[in-house]
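What follows is one structure encoded as structure tokens, with my remarks underneath.
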Amino acid sequence: KELIGLEGDVNVKFLLTGGSLVKVRSNNWKKNRFFKLQEDFRTVFQETHKIIGRKNTFSIDDIDTVRQGRHSEGLEKYTDENMEDRCFSVIFKNRRKNLDLIASSREEAAYWTTGLEKVVRAMHNLSRQESSEHWIFNCMRKADKNHDNKMTLKEMKNFLRTINIEVNDNYAEMLFKKCDTSKSGTLEGSEIMHFYSLLTNREEINVIYSKYACTGGQMSAEDLLKFLVYEQRERSSMSDALRLIEKCEPDETAKENGHMTKDGFLMYLQQAEGMIFNMAHKDLYQDMSQPLNHYFISSSHNTYLMEDQLKGPSSTEAYIRALMKSCRCVELDCWDGENGEPVIYHGYTLTSKVLFKDVIKAIKEYVCNSINKLYHYCDPQTSQYPVILSLENHCSLEQQKLMAHYLRSILGSALVTEPLGDKMPTHFPSPQDLKGRFLVKGKRMNKLDSFFSSSSALEEDSVSEEDEAANVKMPGEKPKSKSSKMKLARELSDIVIYCKSVHFVSFEHTRDTQAFYELSSFKESKALNLAKTSATAFICHNAEKLSRTYPAGSRTDSSNYNPVPLWNAGCQIVALNFQTPCKEMDLNQGQFLPNGLSGYILKPKFLRNRATEFDPNRLTRGPWMQKKKFHVMIISAQQLPKLNKEKKNSIVDPLVKVEIYGVPDDKAEKETHHINNNGFNPMWNESFEFTVFVPELALVRFMVEDYDTASHNDFIGQYTLPFTSIQNGYRHIHLCNKRGHVIPSASLFVHIMIMDLQ
């Protein structure tokens with residue numbers, strides 16, 4: 001309790017005592033269950049009446065959000081409005097279903113939500129070193145089978161396997177005897193602490209520290225400044241060194257003397273200042289006043305789907321999860337529903353349906369509540385920049401009118417319903433201009449000029465809707481018509497302002513006949529072909545207009561295409577299946593990691609120039625060519641997760657891959673050798689060199705795998721970031737799981753050196 005600073009907190013005390021809550025799954029399934037925060041502060045016990053052996057705890061680390069009120073699909077469907085202040089939901093990072101709960105009173109619900117929020121935040125805010133210690137001592141507690149606060153040789157061996165390290169019996173016995181100074185045959189008290197210090201000693205850190213600790217065996221502020229300047233290549237001052245000592249040094253005497261001990265040095269290397277990702281890029285740092293089409297925009301395809309494209313469930317929750325990942329363009333496939341209510345689902349398939357109005361409510365509530373901080377998050381940053389609602393409209397006139405009504409009534413003044421300013425615009429407004437607003441992308445009957453002239457003549461009231469769903473074919477079905485004329489309701493047409501969907505003919509046709517706000521959607525095969533054969537023309541097109549790309553209908557498993565060639569061609573809205581963990585989503589997460597997780601990244605200047613000569617496939621000299629030598633040494637890893645937790649003797653054999661993505665000339669991959677039976681503290685000390693020609697378009701992915709001689713290597717963790725956000729020097733890298741969430745305590749330790757080759 002003291003470790004995370006929550007001793008005496010009334011809300012946390014309530015959680016440690018536990019209590020009964022009503023668990024909600026449907027109208028007919030509402031059952032009382034007992035819940036309790038465990039003493040380790042990392043797990044919550046939940047009563048279950050399922051099969052024996054079923055896991056009856058969940059990890060605090062797996063909680064993404066705690067939502068107050070009826071703000072989940074289940075609670076909204078299965079509870080009454082008068083229960084609003086007693087309801088709350090626990091949303092998990094993985095594919096686990098939401099935990100929808102009802103407390104007996106408003107006060108009790110507040111205890112649970114506030115208490116859980118405090119524990120989640122406290123665990124999230126632990127320093128890397130504190131988190132590591134907490135995890136290790138928790139594993140020790142589990143290894144102590146008889147709970148006597150002592151550790152036998154057998155318990156020590158089990159503990160080592162638990163933390164993902166295999167040692168032979170002779171080494172284990174030698175380590176045990178070295179620590180058992182009392183010769184009692186068990187380790188206790190100071191002997192366990194001695195064992196811990198031997199186990200967690202980091203020789204690679206010792207070597208670096210001793211090189212610069214030139215003041216009585218410690219680092220003075222001057223020594224630390226030398227390290228920051230010469231090793232980390234930072235433009236630091238004495239005040240920066242003193243600030244780090246004040247922040248990271250645990251020894252008060254050393255701190256008073258302006259010194260940093262080895263423990264303080266390790267603490268610094270595990271803080272944000274010691275990470276590979278440049279802290280200056282963490283918050284909003286880019287110019288947000290450029291036209292909208294000058295930005296890459298994080299975008300989702302078939303956002304409503306939780307799983308595959310044929311039979312998977314549709315859900316409002318899928319929209320919230322995409323928005324939580326900084327998505328700023330979501331897709332709504334709209335069809336006529338029962339009782340006159342439009343629905344969203346993947347047409348021509350067996351995917352379930354969700355009401356259009358429920359989706360718009362969920363999006364509005366999430367965006368507005370997030371900005372106002374009414375939800376509880378591990379990461380409080382929430383984008384306030386515009387959300388684009390990409391409509392694929394298959395509805396009758398009457399249901400289109402209802403869609404327009406819901407958009408206006410639910411989104412209110414946040415919906416853009418007319419051009420900004422008092423005269424006909426010639427270019428897009430900026431994300432800054434559109435803060436907190438919603439844009440509708442869809443078909444429009446007439447030009448935007450109609451807002452500024454007395455004429456309101458329609459170009460057409462029947463439009464051709466590009467039918468992405470028609471690309472999906474159920475087994476045994478005949479191909480469907482991909483495009484057909486349909487009547488468009490004036491009410492829906494009128495709220496399409498800056499994102500009017502039009503059919504693409506050619507770049508010449510677009511340049512000569514189309515307005516800036518008219519945008520085309522490209523199926524992946526068409527888009528990738530244009531990016532390969534007509535890249536410069538595509539870039540010039542995107543310097544004036546918006547382009548959206550989407551996955552092929554044949555990807556019924558919700559897999560993804562490579563977004564990098566399309567970013568290279570300046571495409572802004574590269575829509576991916578957010579529900580699918582994959583390399584492509586890792587790249588998307590890395591691309592949108594900087595700039596405050598806003599979902600908007602300013603394109604390089606050479607992609608915003610209408611007269612550019614840049615061709616990513618045939619590099620020539622130009623402002624894009626900023627040749628760099630990228631030197632990376634993979635030094636070590638710490639506390640990699642076990643992949644097969646059911647097998648006690650299963651230990652990973654890790655290797656590290658370094659992958660570069662960007663223009664074709666920059667694409668490269670190198671890997672270390674694998675290390676047998678050590679996921680706790682493997683050490684490689686392997687160096688690689690890469691040449692990067694266009695750094696502004698490059699992404700770097702560090703991936704750790706479990707080596708397997710007989711089959712494909714298993715994924716352990718990864719981290720992806722833009723090349724331009726990498727810091728030089730000795731750096732830690734927080735590893736993420738398949739779904740992009742940070743793995744507690746798991747990291748790589750590397751040395752980076754980037755040099756100009758101009």
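Backbone N, Cα and C atoms are what each Cβ position is placed from, and that goes for glycine too.
Annotated features, as they stand in TrEMBL:
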BINDING   23-50, K441, K443, S521, R548  substrate binding site
DOMAIN    131-166  domain 'EF-hand'
ACT_SITE  H301  active site
BINDING   N302, E331, D333, E392  Ca(2+) 3 binding site
ACT_SITE  H346  active site
REGION    462-485  region 'Disordered'
BINDING   D706, Y707, D708  Ca(2+) 5 binding site
**Prompt:** Which one is closest to E39 (substrate binding site) in space, judged by CA to CA distance, out of the binding-site residues N302, E392, D708?
**Reply:** D708
**Message:** Can you tell me the CA-to-CA distance separating F35 (substrate binding site) and D706 (Ca(2+) 5 binding site), as a whole number of Å?
**Reply:** 36
**Prompt:** Counting distance between Cα atoms, which of the recorded positions H301, H346, Y707 is nearest T43 (substrate binding site)?
**Reply:** Y707
**Fill in**
For Ca(2+) 5, residues beyond D706, Y707, D708 with C-beta within 8 angstroms of the site's Cβ centre include exactly V652, D653, P654, L655, H674, E705, T709, N713, D714
**Request:** Could you round the CA separation between K31 (substrate binding site) and E392 (Ca(2+) 3 binding site) to a whole angstrom and send it over?
**Result:** 40
**Prompt:** Taking the Cβ of D708 (Ca(2+) 5 binding site) as centre, how many other Cβ atoms lie within 10 Å?
**Reply:** 11
**Request:** Would you find the one among the binding-site residues E39, E392 whose Cβ has the most company, meaning other Cβ atoms within 10 Å?
**Result:** E392
**Request:** Report, in whole Å, the straight Cα-to-Cα distance of H301 (active site) from Y707 (Ca(2+) 5 binding site).
**Result:** 33
**Prompt:** Which residues of the same chain, at least 6 positions away in sequence, have a Cβ lying under 8 Å from the Cβ of H301 (active site)?
**Reply:** E331, Y550, P551, A575, L576, N577, F578
**Asked** Which one is closest to D333 (Ca(2+) 3 binding site) in space, judged by CA to CA distance, out of the recorded positions K23, H346, K441, D706, D708?
**Response** H346
**Cα within 10 Å of N302 (Ca(2+) 3 binding site) - qualifying recorded positions among N27, E47, H346, D706, D708** = H346
**Request:** Report the nearest neighbour of D708 (Ca(2+) 5 binding site) in space among the binding-site residues K23, E47, K441, comparing Cα positions.
**Result:** E47
